[in-house]
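Now, the feature entries from TrEMBL:
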- 1-29: region 'Disordered' (REGION)
- 7-18: compositional bias 'Low complexity' (COMPBIAS)
- 118-141: domain 'BRCT' (DOMAIN)
- LYS290: active site, nucleophile (ACT_SITE)
Amino acid sequence: MPKRTLSSSSSCSDSSSEPSRKRRRSVSPSDAKTVNVYIVDAKLDAETIAELVSLVEESRINKQDLEICPRVEDADVIVTGVRMRKRLERHLEWNLAVRRTTSDAGAPLIFPQKQKAIVTPQWLRDSIKEKRLLPCGGYAALGELQDETEKHCPDGICSNVEDCKHTKSTSSPKKLITDVSPPQPLENSQISHRHRYACMRHSPMVCPNQDLVNEFAVLYRHRELEGWEIRVLSYERTIAVLKGLPWCSMLRSSRIINITSWTAYPHKITEENLDDVGELPFIGEKALFKIKEYLRTGHISEAQTIRSDERYQALCAFTSIYGIGHNTARKLYSMSLRTLEHLDAYYDVKSDTESSTAEKLLPVPRDSKLNLPLLTIQVGLALRRDLIQKIPRTEVEEMRDVVMRELGEIKVGCVSTITGGYRRGKSESNDVDIVISHEDLKSGSDEVKGLCSRLVKRLYDQGLVTHVMHLSSFREHNAIRTPHWDSLEKALTVFVLPDDGKQRRVHRRLDLIFAAPEVYWTAVVGWTGSKMFERDLRSWAKQEKGMKFDSSGISRRHDSKLYFPKSEPEVFSLLGLEWIDPTLRNADA
């Protein structure tokens, strides 16, 4: 369709020379069947604006017409691609975004200004697709206006009072939405490989400089094993920057979106662009020196030396066993233990103990709550040949299906999302993380309380869970608490699939995370990203937005106000971030 010429501040059906495709209505706030839409054209290209105008003009949803209006004051909904308040204020009076009852002089207004729902263009697209006006909360353009946008969304407009009463009395319980379409990438995105925060960079599973990243990963791992925390973080940040790319081609809604602003590292780092690399955040002189060495020789000499070091090899092997952390590993090494076979002897584990009989042969303490066997270092050693095996995606999905089938016998209406490396696109996983909730937004919180323990007990009774590593109950989200260990109900377990009589069952690590419906998507986000991505997500929330984010909720620090996003994109929106696909949240080596 022909592109439209629009003013700098709005798009309006009257400004087009092309006749409207439907009968025009007068723009009146009292017309209950018309939803007036004002489009801010800043940060939207002509093609996108033409698309949005066309959607409005051709729409009729549940007896409600959408109408482009020329005056923002008359709008019910403001559609904008702007995501920051300061930039939006260049195009709109901020008073239009919040309810105003007095004039600039302080005098009461006879007709208080109507507050607007300020949403992203995706709200319009999805509403037309679903043939109903969707709730605006998940599409709030500005996180700080989340509550106002949700409250003043026109999805509740009725033709008269009786219709409204009927709708309220016959409406079904609100359900947790689990199939939200991800937003389209913004044309003028702020995502950049030069950004300090990993949550503002695209980080694929494998990047063009992956071999270099792998060299730095050895240096990082060495510092981590030795307990040199400051140096650990330094190398983590260097790796995250090297993994970050400005853009990539993504498949969305069956169409390829090619973004061509690859300005730095879609290709390997070379001598020619080395000066530019030195300008990136967290690439200091030492890191740059090592990059130069890598370009000359194809490796980093220190990494080569570390790989062949006996102590490094021993500490890596020791920490692969559940229950052995960095401190314990160093202590064991100081006792002249060097191999896993040495640990077998030290912990009195027979080296020929089969995984299938380990829990029967070894003395195992029990969990005090459910009387379930705990995974000790001894059991971890006996099961190491199983637990070290990677889990293919098909088996991950089979594990989820088995868990949800058993959960369905206890509680109907539960929903789940596989998170972790699987969701980030790994072909094989080290363990399986499943976030679980209940679909009923009203009573779901009560439905999931205590469900974790009941499910784990059932799985154990069915022979599917063999050991428990950690079992916790719900705690209230605390905006002040600083350590990062969320307050969700969770169980970290060892799991085996049902015996099919064909092959030996392999022990797998399975983490079950239960979240109330109102924090389900917060939990999904918190358990999806890589370690560095999640660290920077929390830092961004604290440093840039004055908020606290963890898997158990989002809150405002100065008054502990809680936010409950209704979709994964809304989590990003609340934090003032652009959407990043799960497959681009791999900010670690």
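Quick reminder: no glycine exception, Cβ is built from N, Cα and C everywhere.
A TrEMBL annotation is a machine prediction, not a hand-curated record.
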| query | Any residues 6+ beyond the ends of the domain 'BRCT' (118-141) with a Cβ under 8 Å from its own? | reply | 35, 37, 44, 48, 52, 55-56, 59, 61-62, 64, 77-83, 88, 97, 149-150, 152-155, 157, 177, 180-181, 183-184, 565-567, 569-570, 573-574
| request: Tally the residues of the domain 'BRCT' (118-141) by DSSP class, grouping H, G and I as helix, E and B as strand, and everything else as coil. | output: 13 helix, 3 strand, 8 coil
| remark: Whole-number mean pLDDT, the domain 'BRCT' (118-141), equals 84
| remark: LYS290 (active site, nucleophile), DSSP three-state class -> helix
| request: Count the Cβ atoms, other than its own, that fall within 10 Å of the Cβ of LYS290 (active site, nucleophile), considering every protein chain shown. | output: 19
